[in-house]
């Protein structure tokens, strides 16, 4: 088999392999790479024979002049390109490591937030003040990152603010209701109820976005609803205040997701990236919650109030509150960073696993009594959430294939 490569001015034309082909072989450490020898004069092909028995071929030129220097340059360039292509086929280890570190940090920060937050709410049962403190800590962190240059400050316009404001309202309500539930019932029970988020997601998407759920999606909601019901009936710390607060947080957080699809702007229209959006929402939420905080609970972080509550170590309580705010901002920001790197379905599955880890950690840390029926209900609900994520993933893959086929 022979190859014919002809040189034209300013470019070399590569033809498909034919019966009179000639090629040179350059041996590397991993593979045998092929490179054309280009005849630069008289547009005549170089004649030779293909290698036999795995040996390097001998090239015979059709004229007596030595092979031009550009030939060796061509060989080196082609070999380098082949090696680069081979290296590009390997998985990006650095990106995988960064993604794994983000998931680990997301889980660790969320566990720490729930443990610190529960201890603060047990000693200081004022969820509005605690939520406002978390927003203030997050706002201070955002400003610090902008000033230090770690993050580029976003460009805020009135159009951007009009889009951010509704998201900040539901974000404020969602976090406030979550803290109200965490203060009233066990951490494990709050997160079991919050596993019912897919139900509200499907309901609100159908109501406001016109997305009709498939039968498979509806089928996965049955174990979610059933598992939450079983866990609620057998929960030792159950009360309606904590249950309804957690359900309300599900409704508001999923409303935020639906609103973000309807209201968010593209970057060329003044939109923000995910992290910039979260920082802006946090700051606006802090401003929105400040008046209700002062009106409903007043300024409770006073020595008299702490003494009345029986707080033995105010400094430790303050430390817990600050750590709660830091972990609150850290886990939410890492969640947005992960969302920039993976699909929403992968993120939701990771969130399901995170909920399992948080529930297990809280049970071990606080030593909450948990019955077999309660554990079974929690497991059924989480299994339903996982199945929901898998069904959505397959539906997304099928939709992508259909879109490619239509093109």
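Any Cβ shown, glycine's included, is placed from N, Cα and C.
Annotated region 'Disordered' per TrEMBL: 46-72, in sequence order.
The compositional bias 'Polar residues' annotation in TrEMBL covers 49-72.
Annotation comment: TrEMBL describes 93-113 (among others) as transmembrane segment.
In this model, the domain 'Sugar phosphate transporter' (98-388) carries an average pLDDT of 88. Per TrEMBL, the feature domain 'Sugar phosphate transporter' maps to 98-388.
Summarising the annotation, TrEMBL assigns transmembrane segment to 133-151 (among others). Residues 172, 175, 275-276, 279, 282-283, 285-286, 289, 321-322, 324-326, 328-329, 332 of the same chain lie 6+ residues outside the transmembrane segment (133-151) yet bring a C-beta within less than 8 angstroms of a C-beta in it.
Taken from TrEMBL, the feature transmembrane segment covers 163-186 (among others).
Taken from TrEMBL, the feature transmembrane segment covers 216-234 (among others).
The transmembrane segment annotation in TrEMBL covers 271-291 (among others).
TrEMBL lists 374-391 (among others) with the feature transmembrane segment.
Outside the transmembrane segment (163-186) by six or more residues, the chain places 114, 117-118, 121-122, 125, 127-128, 130-131, 134-135, 193-194, 235-239, 241-243, 245-246, 248-249, 252-253, 255-256, 259-260, 263-265, 271-272, 277, 280-282, 284-285, 288-289, 362, 366, 368 with a CB less than 8 A from a CB of the stretch. Tertiary proximity for the transmembrane segment (93-113) is limited to same-chain residues at least six positions away from its ends with a CB under 8 Å from its CB atoms, namely 323-324, 327-328, 330-331, 334-335, 337-338, 341-342, 350, 353-354, 357-358, 361.
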